[in-house]
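Structure record follows, encoded as structure tokens.
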Amino acid sequence: MSGSMFSVFSLLYLLSVCSACYISNCPIGGKRAIQDSPSRQCMSCGPGDRGRCFGPSICCGEGLGCLLGSPETQRCLEEDFLPSPCEAGGKVCGYEGRCAAPGVCCDSEGCSVDQSCVDGDGDATAVSQPASSQDLLLKLLHLSNPAHPYRLHQ
């Protein structure tokens with residue numbers, strides 16, 4: 001009897017440490033299918049299709065800024081129904097985000113002010129002599145609370 005109990009516990013232990021791909025969250029083609037598929041650019045959105053989708057209701061573009069939850073972002077909802085993942089443009093910033101507009105970092109859940117998304121090399125002279133009022137505002141926000149970025153959620 002004790003041998004069978006040991007076998008049962010051993011089996012349960014092995015099942016608990018194994019990572020499985022369950023039917024509810026397994027991508028088509030298996031766990032590694034998403035990594036193997038080539039990334040595509042996210043759908044265009046906004047007025048005149050000048051922006052790109054960064055989330056289900058986030059549309060950002062150069063010269064456009066970011067639109068959150070507006071009628072222009074409705075097209076971004078379709079992105080969830082496409083079988084392959086997309087990659088929004090811009091360099092990597094924040095935590096799993098991408099630069100969406102000058103000074104703005106967005107991920108699939110929201111956007112935040114991020115100094116690394118401002119064009120330029122970010123040296124000390126840029127802090128002392130900002131190029132525009134937008135740069136000045138971004139620098140003041142960054143200096144006032146560098147530990148907690150200002151996050152705009154939907």
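Yeah, the Cβs are placed from backbone N, Cα and C, and that goes for glycine too.
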With reference to Swiss-Prot, which of the candidate residues CYS105, CYS106 participates in the disulphide bond with CYS93?
CYS105
CYS86 (disulfide bond): which of the disulfide-bonded residues CYS53, CYS60, CYS93, CYS111, CYS117 is the nearest Cα neighbour?
CYS53
For CYS111 (disulfide bond), the number of other Cβ atoms found within 10 Å of its own Cβ:
26
Around CYS60 (disulfide bond), which of the listed disulfide-bonded residues (CYS42, CYS76, CYS93, CYS117) come within 10 Å, judging by Cα atoms?
none
Based on Cβ atoms within 10 Å, give me the single least packed residue among the disulfide-bonded residues CYS59, CYS60, CYS76.
CYS76
For CYS53 (disulfide bond): intrachain residues, at least 6 apart, with Cβ closer than 8 Å:
CYS42, MET43, SER44, CYS45, CYS59, THR73, ARG75, CYS76, GLU79, CYS86, ALA88
